[in-house]
Amino acid sequence: MKFLDQAKIYVRSGNGGAGCVSFRREKFIEFGGPDGGDGGRGGDVIVECVEGLNTLIDYRFQQHFRAKTGTHGMGKNRAGANGADVVLKVPVGTQIFEEDEETLIADMTEVGQRIVLLKGGNGGFGNAYFKSSTNQAPRRANPGLEGQEKTIILRLKLIADAGLVGLPNAGKSTFLAAVSAAKPKIADYPFTTLTPGLGVVTIDTRSFVLADIPGLIEGAHEGAGLGDRFLGHLERCSILIHLVDGTAEDVAEAYHIIRGEIEAYGAGLEDKPEILCLNKMDALSEEEREEKLALLAEESGSEVRLLSGVSGEGVKEVLRLAADEIWKTRAMEKAEAATGEEEEGWKP
């Protein structure tokens with residue numbers, strides 16, 4: 001299935017049905033009085049988070065969604081039926097924005113989560129509603145209220161615990177394939193990976209989700225290469241695993257390019273914990289290893305892990321470090337949630 005992580009769609013809720021002007025007409029009843037029913041309510045526009053979806057491809061070919069209009073009221077005090085709702089099904093991790101692409105309406109993070117995006121218009125009152133002691137035969141009824149409309153942006157941000165970042169051809173897909181059951185396309189040329197991929201990693205007794213995003217190049221935040229839009233999928237990650245190609249001529253430059261793009265993107269990515277790895281160690285001699293390791297450690301100012309997705313060198317150590325950080329983040333989030341509940345307290 002083709003991957004699509006952003007869609008722009010137009011939605012409109014249903015109009016309310018009109019009320020009915022009607023009078024009771026029955027044999028031997030001279031003044032039957034008004035019996036016009038009310039109109040039905042228009043359908044709502046609802047967004048629902050469902051399991052089994054990982055793309056917004058359904059919204060590529062259909063971008064207009066309109067809920068049904070409520071049925072008009074009828075004689076004999078018959079109210080019109082409510083209009084059918086429109087339910088937009090989206091994958092977990094979808095964010096809904098206003099047309100300005102900045103105002104967040106909702107963040108769909110749990111299966112089964114539903115929000116009413118637009119309410120349908122109310123149905124109009126029939127003439128039976130307007131009967132009073134001073135007006136026994138009203139000849140008026142209300143039209144139904146208009147539905148609401150708006151254009152929204154759906155943006156999918158994959159929910160992963162850890163994310164792989166690096167230049168094209170840094171070995172990210174090979175690493176993902178080595179540590180999970182995922183089967184990404186692997187080839188010896190840049191931009192083999194064109195869309196993000198997910199894999200479930202199990203280390204010891206712990207499991208977490210690892211995201212592989214397409215490679216970044218210098219100027220990605222300005223649209224170079226595939227751009228930096230895929231960095232949005234890392235915003236929910238607890239930790240970044242930064243892979244630097246050990247066979248590159250200048251490992252320090254490769255490191256600084258990625259860090260520069262992450263900082264230019266912002267959104268808190270630059271503050272996330274990072275495991276820095278010198279990858280493809282199986283292709284280097286002992287002398288080259290030591291030289292590039294020392295250079296990268298000096299330039300980054302942090303500890304560098306030696307790694308090879310092909311031979312498996314250093315893989316388990318990196319996964320354990322990532323799992324430790326993920327579990328630490330989960331514990332902090334749990335503690336914060338518990339604190340929030342205590343502060344709120346019981347209310348009658």
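Using N, Cα and C of the backbone, Cβ positions are placed for all residues, glycine too.
These features come from Swiss-Prot:
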DOMAIN    1-159  domain 'Obg'
DOMAIN    160-327  domain 'OBG-type G'
BINDING   166-173, 191-195, 212-215, 279-282, 308-310  GTP binding site
BINDING   S173, T193  Mg(2+) binding site
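Here the features listed in Swiss-Prot are painted onto the structure.
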residue : record           : DSSP (3 states)
G166    : GTP binding site : coil
K172    : GTP binding site : helix
T195    : GTP binding site : coil
P214    : GTP binding site : coil
K280    : GTP binding site : coil
S308    : GTP binding site : coil
Can you grab the distance from K280 (GTP binding site) over to S173 (Mg(2+) binding site)? Cα atoms, rounded to a whole Å. 12
Whole-number answer please: how many Å between the C-alpha atoms of S173 (Mg(2+) binding site) and P214 (GTP binding site)? 9
In this structure, which of the binding-site residues S173, T195, S308 has the fewest other Cβ atoms within 10 Å of its Cβ? T195
Mean pLDDT for the domain 'Obg' (1-159), rounded to an integer? 91
